[in-house]
Structure formats: structure tokens, C-alpha cells
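The block underneath contains the structure these notes are about, expressed in C-alpha cells.
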Amino acid sequence: MGCITSKNAVSIRPTLDNNNSSNQRGLDLSKVNVGNSGRRRSGKEFERDCEFDDSWRRGPEVNGTKDLCLPLSNIHNYIEAEQVAAGWPSWISSVAAEAIQGLVPLQASEYKKMEMIGQGTYSEVFKTVHHDTGKMFAMKKVRFDSNEPESVKFMAREIQVLRRLNHPNVIGLEGVIVSQYVKTIYLVFEYMDHDIAGLISRHKFSEPQVKCYMRQLLSGLEHCHSKSVMHRDIKCANLLVNDSGCLKIADFGLARYYSSAQKQPLTSRVVTLWYRPPELILGSTNYEESVDLWSVGCVFAELFLRKPILDGRTEIEQLHRIFKLCGSPPEDYWKNIKMPNASVFKSRCHHEGNLKKICKDLPNYAVNLIEKLLSVNSKKRGTASDALHSLYFITKPYEANPSSLPKYPPTKEMDAQILNRAAQLLSDQRAAEEANSQAKDIYTKKPPHGCINFSGPLQIPSSSGFEWAKKTRESNAFIRPSYENSYYPLARNTVANSEDQHRNGSPRNKQLFLNREEPFGEKHAAFIQKMQSRRHADSFHNFDNGLKKKTDVNGVTNGMSSNSSDYHGDEESKVDFSGPLLCQTHEVNELLENHEQRIGKAMRKLLFKR
Ligand SMILES: Nc1ncnc2c1ncn2[C@@H]1O[C@H](COP(=O)(O)OP(=O)(O)OP(=O)(O)O)[C@@H](O)[C@H]1O
């Protein structure tokens, strides 16, 4: 795509018809995009020209038309003037001229902003109502920094991509609102009552219902791919459903055009970790639309299982889970791929794959399709059209009619998150109370010489044969949790599933350390042994390093406590847990007070967010 300002000269081609006053989404284009001949061009016409035929930027036309070749600054000024005349503030014209070309901005005063209904990495989504029509819309406030070219690029691309798509299973962009002075942009969408992540957290879908959603998802995706758009962030939270049972693919913030003819290197830092295909984890930069089909496979399984099928906390763990589920790829795979991280991630263990076992209760044809979509070899995934023609869709039970699906009270990923957070806070509070009473108990029996604040990677010499545990108990040090160093990847909150939370580490592990009787008993020893054997069995050298990383909502791993200072001595003789190990000599009361304060703070945060 590129920015208009990066070209040296442009050719403005005169246009011939005057008919296009609105595009398919009903946007009024009549006031804009008047060529120098006075002829108007529709937004879509302009986009088409811009996206794959960039000759308009290159210079004089060859087809006999006498074009006017202007210096870049002139044409830039011309376009800006045209867009300002259409009602756009000049700040947006200067950073995203191509994205808004042919559009007229919507007026904020025509809408009433209501409650926040969603929050993403770069956005906040509000429910809004149009004053005149009373129609509901979703208004996505996109955060971006105009001095930061990447953020501008993504914002502009989202608009461009959305304008290119027009399908019942793809969210429709109604228009764009911009603030005249503050650099804020709102994308106005049709309003959808639910997202699949929120629905899954509360309801079990019937087989015909799953089939109905899957057909809609694949149809929407087929349309995107037919328009050369890769979504690159298919996940349950980005699949919206309205009260008529219609599913729409949303959030095109990471989407982009692709062309198999003109391949360009693409970033591999896309797709939320749990839905990210192996080639992206391995760092591929020449992937194709099959990345979306992998994500569809993950969503498909999740619709049945009601929990993510691949929920690694780090890239290395995710890849490990992929191979365990889908089977390790053959040697050829490693030989043929030229991916930057291949040698780092290659496992010495061979896994047969346990997808069939995990999906044993699912219908056969569904498992076959999931298996195909979750092919480690991207070439074997097929296309969205292939999936739509698979046996799964022509065997009984047939898909439900969208209008026959149950009507649900509004549910969003955000609701699921709030429920999760509240549950977590409650369990943390209970655990804290328990810990406090245990701490007091210990204190009254024998005052401690020091206490251990257990919240981080605890380095335990494995050679001690758990003698350390006994020693700690004898020395009456007590262990306290840290609620600030929670180990959850944010994305984890999308699933209100206590089992998941436990598997993810924190509550169960915290509880393990909070419970004065349990931690140093058999369970604890088993846990440590498991950690150690996992480390050896996996032969993933970075596994433990990986465990100390935190994954953000988009699955991007951030280094956390992974600096060398966290390690002391021989790597193999240590067992790591999350968070720093602190030896303190505070008074118990002071610690308990701090503890109370932290819980209070977390509670206030939660209430404030609500
Ligand atoms: N048209 C809509 N109608 C109703 N709710 C919506 C709509 N669009 C988005 N939402 C809600 O807002 C949430 C966040 O929106 P979106 O995914 O577009 O933002 P984002 O910043 O790109 O998110 P992320 O970082 O998770 O990818 C969605 O999960 C959904 O619950």
C-alpha cells in the first residue's frame, strides 16, 4: 500500500462517468474525488486503482490519454484540499489520505454514545444510538499516534480493507467520525449483540448451531480471501453474532492485502497466540491466507469443547502443544522450511498427535475437518471454499437456520472477562484470608526470622531432594502470594473456564503455595518433578525461559523476569516459578496490612472498570 507521499510523481487520469454517488455501504461520495477534468470517481473505483494498479502514481499513462504529471507536493496538496472540502480535518488527510479517499465523514453530533461494550489492544468500543433513526451502532475508538507510522498504517489499513469487503458475514463499516482537533478516530459499525467468546463462556452450542456458525464463518472468510484480504486475527472474540443468529467477522485491524503474484515479506507477529499457526511461530514471512484457516480450525474445536484447544502461554509452549495435538512434522518439514526460528524451536521428541483422542466425542466429519484445518503443513489446509464443500456440511445433523438459533441476553468477551476477574478476585480474596490466618497461626506459634514473599521465579536446587521444603517449614518462613504479578496472559481472560485458569498456572499454583499443609507435601513434590521432567522430555531448550514470559492480548510475548539475574548458578539445578523470590523481615502485621490494601486496590480497579 504505502503512503501517498512516498512517490515522486503521479498521474491523474481523467474519469468518464458521473454516476457513482454512493458506494455499496451507502456512503456519500458525491462531494469528493473530483478529478482535474471535473469527473467524479467512486471510492471503490479509486481504491481499486490504488491497490493493484499503482500506475496512477507512477507517471504519464500509456493508453493515449494525455495525463497531467504533477510534482508530489502539488498532488498531495490537491488531495488534502479535496478531502478538507469534504469535511475531513487536515490532520487525518495528511496521515491517511488513501484510506478516507472518496468518503464523507459522519458527524459525531448525530450519535449518542452509550456504555463501553468492548476493549481491545488498540481500541475501545462503545454502543451508540443514532438520534434520528434510533438505530444502534458500535463505535470503535481507535487509538493511534500519528507520529508513529506503524499505528497509522494499521488504522488506515483497517478502513481500506473494510471498505473493500461487502458480505453478510463480514462486519459492515457504516462510516468514520473524526475529531477536528484531537487526533481521535471512530469507526462506526453495525451493532452486534454478542461475540462468540462471550457466548461460549455461558452456553453450550448444539451440533446444528456449530455447523451454522461454521458455515457463516467460512463464507465470510471465503469472501475476504476472494478479495485478497487475509484477516490475520481470527478468534472467537472477533466473531460477532446478532440476535438474528447472523455471524460476522470483525476486527480487521491486522488484516492486509496479499497477492500471490507480487509476494512481499510479511510480519509474522500477527494472530493471537492461541490461534496462531506454527509457520508464524516459526517466523515465516511469506505465508498465505492459509494462516486464517488454521485459526478457523482452532475456533471450530473451541465451539465444541468450550475452551481453547491450544492455549500455550508462550510461543515455545504453543508450538509444543501444537505438535502434541497435531503430531510432530516429518524431518522433511524442517529441511524444507526456511524459517528463522526453526532450529530454535525444533523438538527432539516425536509426537504422534492426540487430536482424535481429545475430540473423541465430536462428530467424525467435524474431527476430519478440524484435522485438515489444523495441518501443520499449511499447504494441506485447503481453502475456505474447500472446507465449505467438505462432507461435514452435507451430513446430518444439518446446520440450523440462523433465525432459529436461541436468543441470548447480550454477552461479550468483555462480560466474560469481568466475570472471570470477579471470580478470580473472590478466589484470591479467599486464598488471601486463608493465607493470613495461616500466617497468624504460624506467627503465634513461633515468630519467624524472616518470611518469604512468594511471587516469582523461585530457584530451588533440585539436588536437595526437596530438603529445602522441609527446611522452610521448620524455619517457619511463610509464603505469601503476590497479586500484582499475576501470570495470566490477558487473552486468557477470554474464556470463563476455571479449568483453564487452573491450567494457566496462577490460581492453582498460588493455592498450592498458599495452603500451609499442601505445598510441601506430595502434591508439591509432584508438581516440581513434573516441571523438571517436562523440561527434559520436551527438549525445548527455551521452555523454562518461555515460561517466564508474559503473553499479551495479541499473543506477543514480552520478556518478563527473564534477565540473567534471575538465574543463579547451574541452570539444570533450578526449578523456576513465576515472580521474584524476596526475603523480607517485615512485621507480619505490616505485611498483612499491605496485603489487604492490594486486595482493596484490585477491587476498586474492577469496580471502576465496570
Ligand atoms: N460491531 C460491533 N458490535 C458490537 N460489539 C462490537 C463490535 N465491534 C467490536 N465489538 C466488541 O468490541 C470488542 C473489541 O473490538 P475489536 O476486536 O474490533 O477491537 P481490537 O482493539 O482490534 O481488539 P483486539 O485487540 O482484541 O484484537 C470485540 O471483542 C466485541 O466484543
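Note: Cβ is positioned from N, Cα and C throughout, glycine not excepted.
Per TrEMBL, region 'Disordered' is recorded for 14-42 (among others).
The compositional bias 'Polar residues' feature in TrEMBL is assigned to 16-25 (among others).
Residues belonging to the domain 'Protein kinase' (111-393) score a mean pLDDT of 92 in the model. The domain 'Protein kinase' annotation in TrEMBL covers 111-393.
Annotation note: K140 (ATP binding site) sits in a strand segment as assigned by DSSP. The C-beta environment of K140 (ATP binding site), restricted to residues of the same chain at least 6 apart in sequence and closer than 8 Å, consists of S123, E124, V125, Y186, L187, V188, F189. The ATP binding site annotation in TrEMBL covers K140.
What TrEMBL lists as compositional bias 'Polar residues' is 554-566 (among others).
If you look up TrEMBL, you'll see 554-573 (among others) marked as region 'Disordered'.
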